[in-house]
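Reading through the structure tokens given below for one structure.
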Amino acid sequence: MESLTLQPINKIQGEVNLPGSKSVSNRALLLSALAKGTTRLTNLLDSDDIRHMLNALTKLGVKYTLSADKTECVVEGLGRPFSVSEPVELFLGNAGTAMRPLAAALCVGQGEYVLTGEPRMKERPIGHLVTALQKAGADIEYLENTNYPPLKIVGTGLKAGTVSIDGSISSQFLTAFLMSAPLAEGEVRIKIEGDLVSKPYIDITLHIMKQFGVEVINNDYQEFVIPAGQHYVAPGDFLVEGDASSASYFLAAAAIKGGEVKVTGIGKNSIQGDIQFADALEKMGAEIEWGDDYVISRVGKLKGIDMDYNHIPDAAMTIATTALFAEGTTAIRNVYNWRVKETDRLSAMATELRKVGAEVEEGEDYIIVKPVPHLKHAAIDTYDDHRMAMCFSLLALSDTPVTINDPKCTSKTFPDYFDKLKALSC
């Protein structure tokens, strides 16, 4: 297995222009494909998850042109649901932002589809979405294990009316249903069962749907109404915001060992909830400055904090490794959905933090981290999870090297992450 050893970094200083947001990129690509008209997406993320979506759209008959650097994409919208004459198999890797929304979108089209992916994708639940779609008239069956991909879908359309969906495991199930609802036969009402996790990701979905001409009535996140007679319309130009989750590593690095770091491509008006990571970092003691299209983080005396991170689960992972540089104990609570991400992130995080000497308590939906004066040099396993690799790179800000196994797993969202980190290192 390939590995990368990062030597201790004395200081972090500089500016980073963020790659496009994965969450925004794949939502915008799908709606561009379904919309009437042509959409030009700029600052599109170039990564594995986006390539899986683009490859799927090609198989579904969508025409697009991609710039040489793959960050600009002009999509010719179909102006209708997907339709194929021959059965199509779509391999979606481990891209939840492609698997869930496409599963819903294909139900309203015509044709026969199989959705599959990497072995880990077959362990990531999709049952709550499938159940809701079936209640709305969709023809879906599990090809291997109940509640998990791969799926066989026969496009039959979605009925109008009221449907319930469990929001307690992943907000992607609701996002997927919301994005397909305007293509249903009439008005759709979606009632939420359980406590809806990751609400800011739903805000991203609603914001992008509005940019493509569809209004959704949000009744305090308990019910969503998609009025009949709406159609996706290309907005012309669509700028993909920088990835707020990716910003977290650089903001944290500056808080630990700045200098200062300025990240551009996001700012105080960002539609991404993960930008609230900067608020958590500020509570720990970092100095944060906000602009319209940038955030600056400066070094501070960090202290441990006890917080609920249900609203920003991806960025919360960065808090777990930042905690190693804080005074006192840090508690990250209400993050059960870490367990159904690219890997079981609660278990993985606890295991790897212990390798470097930290005291860790792992609960069903929380992790508590107590730092130690000196970290041990360890080889960090990344579990084919891009965020594990990027989070643990921060350990190089100590006086001990850190080895990252399989560093190229960052290609899921941030292929040149380690180059960007190196450029900031003094």
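The chain as shown is numbered from 1 upward.
The backbone N, Cα and C atoms fix where each Cβ goes, glycine too.
Taken from Swiss-Prot, the feature 3-phosphoshikimate binding site covers K22, S23, R27, S170, S171, Q172, S198, D314, N337, K341. Using a 10 Å Cβ-Cβ cutoff, D314 (active site, proton acceptor) registers 27 neighbours.
Listed in sequence order, L45, S47, D49, I50, T97, D243, S245, K412, T413 are the same-chain residues at least 6 apart in sequence whose CB falls under 8 Å from the CB of K22 (3-phosphoshikimate binding site). Among the features that Swiss-Prot reports, phosphoenolpyruvate binding site is placed at K22, G96, R124, Q172, R345, R387, K412, with the record citing sequence analysis.
Feature annotation from Swiss-Prot assigns active site, proton acceptor to D314.
Cα separation, G96 (phosphoenolpyruvate binding site) to S171 (3-phosphoshikimate binding site), rounded: 11 Å.
Among the recorded positions R27, S171, S198, D314, N337, the ones whose Cα sits within 10 Å of the Cα of R387 (phosphoenolpyruvate binding site) are D314, in sequence order. Of the listed binding-site residues, namely S171, Q172, S198, N337, the sparsest Cβ surroundings within 10 Å are found at N337. Counting in whole angstrom, S198 (3-phosphoshikimate binding site) lies 9 from Q172 (phosphoenolpyruvate binding site) by their C-alpha atoms. Non-local neighbourhood of R345 (phosphoenolpyruvate binding site): M317, V335, W338, R339, D385, R387, M388, each in the same chain, at least six residues away, with C-beta under 8 Å from its C-beta. Burial estimate for the binding-site residues (R27, R124, R387, K412): highest at R387, by number of other CB atoms within 10 Å.
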